[in-house]
């Protein structure tokens, strides 16, 4: 059976609400008084706690109850029907909700004893083209749901997919911790979501031929279309750049993992870092010593893994390897009921399966040099997906190891971490085992 344009449109309109009902549905979402204000505050606190505790289920709950979707859809709808009064009201309410959300989240994170950024926070700081696609398609589903007599489970699904509240709370975290990268990244993600939800709403309103509330001259209509097209391009460009960077980073990491697995199978990789700007690959290894001739062979092999022109920099720490190996074996014996016959994954993966541990490592590693002036470099990683390890380089003969140990181990995710100190002149010494 062939489906004509007319037949499709008739099928589309089967369970559609009347235009007046649609208008009332939109107006219901443009309200910040009474119950909506209380719901907004609840959503902010729930999202902030969820982000702080890295609890995905809690964050999803905040997405479901957040009233932010209403004014965003109303903005797209009001532009589509040329209702400037509704557009102004929706924009003002959205701005107020944004201000309340960021301010409340900032206060919460300023008071929270947990300051490290978990994976749920970090995942909302680098939006890309996939976020654009999700917001655009989510907006289409959202406005279609609002225009139906019975929306069913469409709107809750859209709320989860587009995730409006978490980016605002993440921006609040950025302000509370004075991290401009997190603040701007999360803010851009919220802007992308809002813009493309409104844009898709506008397009669906035009497709449905919902009657306009006011007339607009042909000249002004053309000007409006140009503004929308230009704005769409400007908003999308950074997300395309971010997506390209992410894909390139993924391919580089995959190539480096293959290089380590094939060329360095007997080494334990504590940390690995690719610097595309300086064209360097930094590896922190624990295990057998790599001499100059072996390092030259490894350098030569890089070209076979799409790293032509890159310089391999290897940081070796071998003195403490036997103790680390023994400690790992002890962990495996204690957890044998859960781990079974898990083999040591040499060099294949230096990241923890536990995102909380990884986030804690990153946060503590970046903060150590600022808190302790004598620290010159910090290497950290998770050995064999089991053991958080820190290798701390320092410039002076004496360093307050007790204070550093206490600072690292105070993080509940790093309470089993092994910490080693190495003086810059290679006169290595290790801490008393934790």
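The backbone N, Cα and C atoms fix where each Cβ goes, glycine too.
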12-31, 32-51 - the one TrEMBL records as transmembrane segment: 32-51
Positions on the same chain near the transmembrane segment (228-251), where near means CB under 8 A and six or more residues out: 126-132, 188, 191-192, 195-196, 199, 202, 274, 276, 306
Positions whose Cβ lies under 8 angstroms from the transmembrane segment (129-147), at least six residues beyond its ends: 16-17, 22, 25-26, 69, 73, 76-77, 154-155, 157-158, 161-162, 189, 192-201, 203-205, 208, 235-236, 239-240, 242-243
